[in-house]
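One structure is given below, encoded as structure tokens.
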Amino acid sequence: MEDARVKNASDVDTNILSLREGVASYLHDADPEETQEWMDSLDGLLEESDPERARYLMLRLIERANAKRVPLPALSSTDFVNTIPTKLEPEFPGDEKIEKRYRRWIRWNAAIMVHRAQRPGISVGGHISTYASAAALYEVGFNHFFHGKDAEQGGDQIFFQGHASPGMYARAFMEGRLSEEDMDGFRQEKSHPGGGMPSYPHPHGMPEFWEFPTVSMGLGPMNAIYQARFNKYLQDRGIKDTDKQHVWAFLGDGEMDEPESRGLIHMASLYGLDNLTFVINCNLQRLDGPVRGNGQIIQELESFFVGAGWNVIKVVWGREWDELLEKDEDGALVHIMNTTPDGDFQTFKANDGAYVREHFFGRDERTKKLVEDMSDEDLFNLRRGGHDYRKVYAAYKRALETKGKPTVILAHTVKGYGLGHSFEGRNSTHQMKKLTLDDLKLFRDNQQIPISDEELEKDPYMPPYYHPGADAEEIKYLQKRREELGGYLPQRREQYTPLSQPDFEKTFKALFKDSGKQKVASTMALVRTFKALMRDKELGKRVVPIIPDEARTFGLDSWFPTLKIYNPNGQNYVPVDHDLQLSYREAPEGQILHEGINEDGSSASFVAASTSYATHGEPMIPMYIFYSMFGFQRTGDNFWAAGDQMGRGFIVGATAGRTTLFGEGLQHMDGHSPILASTNPAVIPYDPAFAYEMPYIISKGIERMYGNGAGEDENVMYYITVYNQPHHQPARPENLDVEGLHKGIYLYDKGEDLDNKVSLLASGVGMQQALVAQKILQEKYNVGAAIYSVTSWTELAREGQRKDNEQLLNPDAEVEEAFATKQLKQTEGPYIATSDFASDLQEQIRAYVPGQYVVLGADGFGFADTREAARRFFNIDAESMAVAALLALAKEGKIDRSVAAQAAKDLKLDDPAAAQPNLDSDDEGPENAAE
Ligand SMILES: Cc1ncc(C[n+]2csc(CCOP(=O)(O)OP(=O)(O)O)c2C)c(N)n1
Ligand SMILES: [Mg+2]
């Protein structure tokens, strides 16, 4: 069938084709005659003049329509020129000459710091070219925009591009915050006398300086978006005013290829984040070569961000181009700008003015003529927009004035700018760490640094830093600017009021009781613990539940109507379940951050909430609950960044275990998240077995994180694995070994005093298997089995390793034995360990077990089957534990090996089909409804 849309508009009676998708496809034509007249004029114009003229008139019409508020879909790309026309540029309020002078000193010191770090015997290097290209972008911010911590509401939050760190150190040196000695400690964090400085923005390494770790590319952009969203959340919930705080993220154009960089930008417009500005340093290069040799990264990013609903400001050309563009009456210059690929622009900068004349302006007779009166040097000195203070200032100002949407500034720069010919625009520039003597001299001349040839020649490994002294006019000016803007940046502070908790026994009474006939999964125990805590008014409001679309799976939908889901726009529709008690509720003051199916965004949300004690001085308690398979495995890098940023809060891996989530299969059944979590030194993994353990773990966690106040609290993130298998929950034992519970192991049951003895160690749902194994061993085989609840294998291992290290450093000393060893000596070996995770988890404590140690683990990929079959297959079930215990006893000569052999046969250890439910769990129901 013929499609009417391919026809000429004039062929279609009353409908016309709309400009593009986004408005209704067909519009009613109220006056076809008038329409035809407009069409005829366009046709006539095209007959008389070139398409350039038609394009011009069309664009002017669109511009006029916008001005008259005619709703038209946005154009997703504009010419390769500055968004802000020169005549609309605001007055630059600073003293350009002074600012330029010290910007050059900063650029010098940044490069010299890296160069000196290459000195013989150290040779740790660093990045020179990234900051050189971005110096003006930062300096305009420092001098005129970035609010420091003393500003109203605590100032702005700035995500510095990781590899630009030398520039921030060099500025701090100018400000007198860092000494030459400090600068020479760059990249020698442990060995430099008096302390060194990290290569990149690591708050962990410099907790009073850096705030946001950004160097794992892609994390900065997404964490900045969620930081801005979190600021709005704090404001909307009445916890803290943040409406004068702005989030700036400085990013590389190469970095924008990371899916994390682009993948969440729609969230920023969805939440109307006008408190967020991205500044993308488009130097057209990444590490190896051009970002888009054949294309134009600035144009590509413009369309991408416009499409996502952002305000886009391009800063492409410096003021030197203004006059040329003014004279470009027929659009020839704009045309060659539009059609020159980035690869060529890079090559221009690596060559000279004559090359630019021939290969750029020479592409069109008209443009060639345009520059015939200019010298080659003038041509080479036509700067790119990102190096021009005035253009950058205009863009920043416009960004802050934009309401209702986030802004991205696309700044065109040269990589290695000002560093001279060996650096500017070269493919190798990113990795060049030092300058030759000739480079140094040229760089010194370019930047007009008052250092003599002799001084440079004295020791080419150690060219001097430059500082004119605190009394210099420039330094006074610089200091005044920061003073007026609220103090130095970057800077991290940690000031907050400690949190107190409600009465422990009273609050958690229900969780300490025997559950009787009711079967309770540990997920439910965790939810109940948080619910009980949240009844406390002061503490309750600080809990930030973060959920990527699995609330119903975890039984958290009961929180929807009470806590509500945060949405700054409220709920402008009638929810389908509005007449139900558990209705889906969105509200501007909502407490739940429901992130959609978006683990990356959720992890970023966690980072913002977990560091609020420092960024805002407001301790918040994030409780980020996810499908455990999609947590550390999917977003481990951001948890690593959270550790660097010293985040504090709770990460909950729900539907945990390789066999518990029956029927789901290989991509769902998590048998290793606690192992992944254990590789993050800031994470304390717990795998609780019983409901009564939960309040102890969570309450202690909050106390460790926020109990004391600044300087005293620990930078820890708890990772708690919880299951969806309901089972009987025993009452809290009398004389519970609370210290053991916190440190990772306690004796739950001594077992019967029979002829032979073993000890069973279990965590999580593995405990249910250990309890049955105990019965089998005692009733059928006359073996008394003690049971230990291992709340954290990793914490035990870490404690043991700390003791080992102490011993290594003090070979003469009598170092205490590991906590695990002491605990396990309460009963006799052999020791048999299990959990619902891979062996590597249980293996972590092998060195500290005082006897024969047998590990059963769920190794290999998971699969879809019943829990019983899966546990038998992996040999982590009660029967397998029992046989493992018998075999271990046989190895010690305590029983005959044939007993174990017969048991293996009787209990059908190798037959998943023979596995029968050995738990008291008839566990159908919503808690198993994971999808
Ligand atoms: C996730 C990740 N991958 C790789 C790197 C290594 N790396 C550091 S800088 C760089 C190139 C950066 O290019 P761009 O983003 O354009 O920044 P520029 O230095 O040009 O400003 C790369 C690949 C990294 N830091 N993070
Ligand atoms: Mg780049």
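Glycine is treated like the rest: Cβ placed from N, Cα and C.
Because the structure is a prediction, the values reported are computed rather than measured.
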Among D243, D253, D322, which residue does TrEMBL annotate as binding Mg(2+) at the site that also has N283, Q285?
D253
Annotated stretch (region 'Disordered', per TrEMBL) among the listed ranges 74-99, 438-463, 568-593, 906-931:
906-931
With Cβ-Cβ distance below 8 Å and at least 6 positions apart along the chain, what are the contacts of D253 (Mg(2+) binding site)? List them in sequence order.
I280, N281, C282, N283, L284, Q285, R286, V291, I297, I298, L301
Mind telling me which of the binding-site residues N283, Q285 has the densest Cβ neighbourhood, counting other Cβ atoms within 10 Å?
N283
For Q285 (Mg(2+) binding site), what is the secondary structure by DSSP, using just helix, strand and coil?
strand
Within 8 Å of the centroid of the Cβ atoms of D253, N283, Q285, which other residues of that chain place their own Cβ, given that this set defines the recorded Mg(2+) site?
S133, G252, G254, N281, C282, L284, R286, P290, V291, I297, T413, K415
Determine, from DSSP, whether D253 (Mg(2+) binding site) sits in helix, strand or coil.
coil
